[in-house]
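Pulled from TrEMBL, these are the features on record:
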- ARG27, GLN47, ARG52: substrate binding site (BINDING)
- HIS129: active site (ACT_SITE)
- GLU251: active site (ACT_SITE)
Amino acid sequence: LSFQNSSGREILFVSRLAKLDGSKAVRGGIPLVFPQFGKALDASMPQHGFLRNHTWTPTASSSPSSQDFTLSLKNVTEARGTEKWELGKSDLECTATFRVTVGPDTLTTELIIENTGETSAFDFQTLFHTYYKIHGSKALDPTICNVTGLGGYHVDDKITDETYVQSNESPIIVDREVDRIYTPSQDEGPTELNVTVATGEGGGKVQVKAYGTVDGVTVPMSVVVWNPFIEKAKGMGDFGDDQYHDMICVEPGLLSNVPPLQTKKTAKFTQIITSL
């Protein structure tokens with residue numbers, strides 16, 4: 001929920017109205033999205049999946065600067081009865097490990113998903129729903145709040161229903177409600193994400209890198225950019241009406257052309273946040 005660089009500058013945003021009692025996913029920090037982005041085919045599966053609204057178990061850490069957490073879907077489904085969640089036509093049986101590593105100016109998050117089922121592969125999407133703090137409430141100032149590095153990406157604008165290719169010269173800014181998926185070209189686009197986020201007053205910038213594999217095969221990294229703006233902010237009970245000035249979400253993920261995760265195989269997804 002919080003990460004400060006070596007100068008004490010906060011990098012992550014958390015809403016002042018966020019629910020921290022476990023009653024719903026926290027509005028801020030880095031919520032984990034899996035096994036789907038958005039609504040599921042199975043109505044019993046929560047929006048954005050189950051990772052962000054259940055309790056994880058701390059496990060042995062590999063170094064003093066890192067900590068692992070695990071969550072098994074078996075434990076989640078046992079808690080809600082005998083009914084299984086399904087994704088499409090395949091039973092979803094898996095264990096997730098979330099690894100957090102902290103350095104003076106770098107925060108690395110890694111999500112490892114293992115298909116623990118005996119017979120079924122499953123389709124999936126996964127995403128780090130990272131909220132960045134925009135200092136000085138300057139999210140609407142394009143000179144000090146913007147995202148660069150997505151030139152040439154294909155854009156799916158969820159607000160206007162438009163699709164287009166992002167210009168190399170145009171930074172992404174907040175001048176309206178923003179909800180867009182950026183996907184690299186399938187033939188020529190980069191497989192790893194590398195963008196820069198300008199984070200408001202004080203000249204702060206954050207570099208965001210991300211990459212992922214499914215059974216050892218690299219999968220191109222998409223990214224969602226989101227800001228609720230005026231009207232949507234008013235409709236969220238866990239978000240202050242004015243807090244769209246204070247944040248921007250830049251959310252890397254495996255969203256497009258992701259191969260099914262075969263039984264006993266593993267998907268790995270890494271995000272590296274560096275304060276510049």
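Each residue, glycine too, has its Cβ placed from N, Cα and C.
Taking the centre of the Cβ atoms of ARG27, GLN47, ARG52 as the substrate site, the nearby residues of that chain (Cβ within 8 Å, site residues left out) are LYS24, ALA25, VAL26, PRO31, PRO46, HIS48, ASN53, HIS129. Remark: ARG27 (substrate binding site) has VAL14, SER15, LEU17, ALA18, LYS19, TYR131, MET236, ASP238, PHE239 as non-local neighbours, by Cβ distance under 8 Å and separation of at least 6 in sequence.
When the recorded positions GLN47, HIS129 are scored by other C-beta atoms within 10 Å, HIS129 scores highest. For ARG52 (substrate binding site), the same-chain residues 6+ apart in sequence whose C-beta sits under 8 angstroms from its C-beta are ALA25, VAL26, PRO31, LEU32, VAL33, HIS129. Over all protein chains present, the Cβ of GLU251 (active site) has 23 other Cβ atoms lying within 10 Å. The CA atom of GLN47 (substrate binding site) is located 16 Å away from the CA atom of GLU251 (active site). Maximum intra-site Cα distance, substrate binding residues ARG27, GLN47, ARG52: 14 Å. DSSP assigns ARG27 (substrate binding site) to coil in the three-state reduction, outside any helix or strand.
Annotation note: GLN47 (substrate binding site) sits in a coil segment as assigned by DSSP.
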